[in-house]
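All remarks here apply to the structure that follows.
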Amino acid sequence: ISKPYTTCNCRCQLKFSDSQKNQVTLWCLQHWEAFQYITEIFILVPALLGLKGNLEMTLASRLSTAVNVGKMDSPIEKWNLIIGNLALKQVQATVVGFLAAVAAVVLGWIPEGKFQMSHAVLLCSSSVATAFIASLLQGIIMVGVIVGSKKTGINPDNVATPIAASFGDLITLAILAWISQGLYKCLDSYPYVSSLVWAFFMCLTPLWIVISSKHPASRTLLYSGWEPVITAMVISSIGGLILDKTVSDPNLAGIVVYTPVINGIGGNLVAIQSSRISTHLHFHCAPGEVPDEAKGCYYPCRTFCGTGANHRSAQVLLFLVIPGHLLFLYIIHLMKSGHTTLTPIFMSVYLAAAMLQVLLLLCIADWMVHSMWRSGKDPDSFSIPYLTALGDFLGTALLALSFHFLWLIGDQDSDVGD
């Protein structure tokens, strides 16, 4: 549990490289027809990426904890856990993917009062298909990583959760783009295609429900595991609405390049911390009981001060924020994929927003994981969805405020928007 951070550089390279690909991909996608004419897709992006991350990281965290406490030593028990959790994940991906599309339609309709049924059906089809396909592919890969970690004697907490946090955003974005663009091109000639795609994936849901209900490990979560995932989807959708409205402002269009970066890094760092705290509690505390240092009222210094492994990991993760973002800013500058010039003012404001986001997330994670454990809830299933969604919301909101502040003080034109 308390391994030194020998794998830290590798983990950070994974999450940094994936987020960098995301920002380039999203920058390119904003010019595709489907994204230009159905701008509600931008609301879907944080919700779907957040959903993917939530499901992958909760799966990785649950299975990693199961490995560490010896629940996967028996082959029968191991495959029951794997099959039940994968089936549960497909149910959640399909249902929450549909709800994310409904939220995108509603949030897109409220400000302007415009509603097009064909666009709504396309959003639902794209969201459900993307969530289902991405979840299945990445779930299988995640199981392989955890089983491989167990066989090689590596602590899955040091490998599985960071990979789950980092891997697959690019795939999810690509699947969403291809499906949305394909359905958009069929909109005039074959308008029924979107409905058929949506119906096909929704009809598979009862099958996954039957499979997951047969396994004790997933049966309970099939009924009780919806609250955090759906709440996280709503929070991420609000972040998506902020992104949609900010991208629509020509003065602030440059935000689209940096949103996946700040959201990805913040969510990944807090997921690692949450998983480590959860595993520590499973090992050393009975459900409902917390360590002495976590008793009493929470105060922020508790997260970073002390000699424990979790205090040290919080310090290391916070330390990684500025070097990681500086690397990204340099790569964006070299690739000329952004709309902004890297002025000292821009970099200072951007880095301040990134530091504030991660600082808040690490403090919230420390408080939330211990509070959930104290109340009898499993943090592996409940904390990560909330934390990654808050990461998306805080990252997008702080970035939008930063760009607006830069525009107000005169750092305009090519520096911020054009």
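A Cβ is built for glycine as well, from the same backbone N, Cα and C atoms used for every other residue.
All annotation found in TrEMBL is predicted automatically rather than curated by experts.
Features of the protein shown, as given by TrEMBL:
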| type | residues | note |
| --- | --- | --- |
| DOMAIN | 45-178 | domain 'SLC41A/MgtE integral membrane' |
| TRANSMEM | 91-111 | transmembrane segment |
| TRANSMEM | 117-147 | transmembrane segment |
| TRANSMEM | 159-180 | transmembrane segment |
| TRANSMEM | 192-211 | transmembrane segment |
| TRANSMEM | 223-243 | transmembrane segment |
| TRANSMEM | 255-272 | transmembrane segment |
| DOMAIN | 259-401 | domain 'SLC41A/MgtE integral membrane' |
| TRANSMEM | 316-333 | transmembrane segment |
| TRANSMEM | 345-365 | transmembrane segment |
| TRANSMEM | 386-409 | transmembrane segment |
Beyond the flanks of the transmembrane segment (192-211) by at least 6 residues, Cβ under 8 Å: 83-84, 87-88, 90-91, 94-95, 98, 118, 121-122, 124-125, 128-129, 132, 179, 183, 186, 222
Result, the transmembrane segment (223-243) in contact with the transmembrane segment (117-147) (3+ CB pairs under 8 Å): no
Distal contacts, the transmembrane segment (386-409) - CB-CB under 8 A, six or more residues away: 46, 49-50, 53-54, 57, 228, 231-233, 235-236, 238-240, 242-243, 246, 251-252, 254-255, 258-259, 262-263, 266-267, 270-271, 274, 345-346, 349-350, 352-354, 356-357, 360-361, 364-365, 368, 415-417
Distant-in-sequence neighbours of the transmembrane segment (223-243), which means Cβ under 8 A and at least six residues beyond its ends: 42-47, 49-51, 54-55, 88, 92, 95-96, 99-100, 103-104, 107-108, 255-256, 259, 263, 381-383, 385-386, 388-390, 392-393, 395-397, 400
Three-state composition of the domain 'SLC41A/MgtE integral membrane' (259-401), taking helix and strand from DSSP: 113 helix, 0 strand, 30 coil
The domain 'SLC41A/MgtE integral membrane' (45-178), counted residue by residue under DSSP: helix, strand, coil: 118 helix, 0 strand, 16 coil
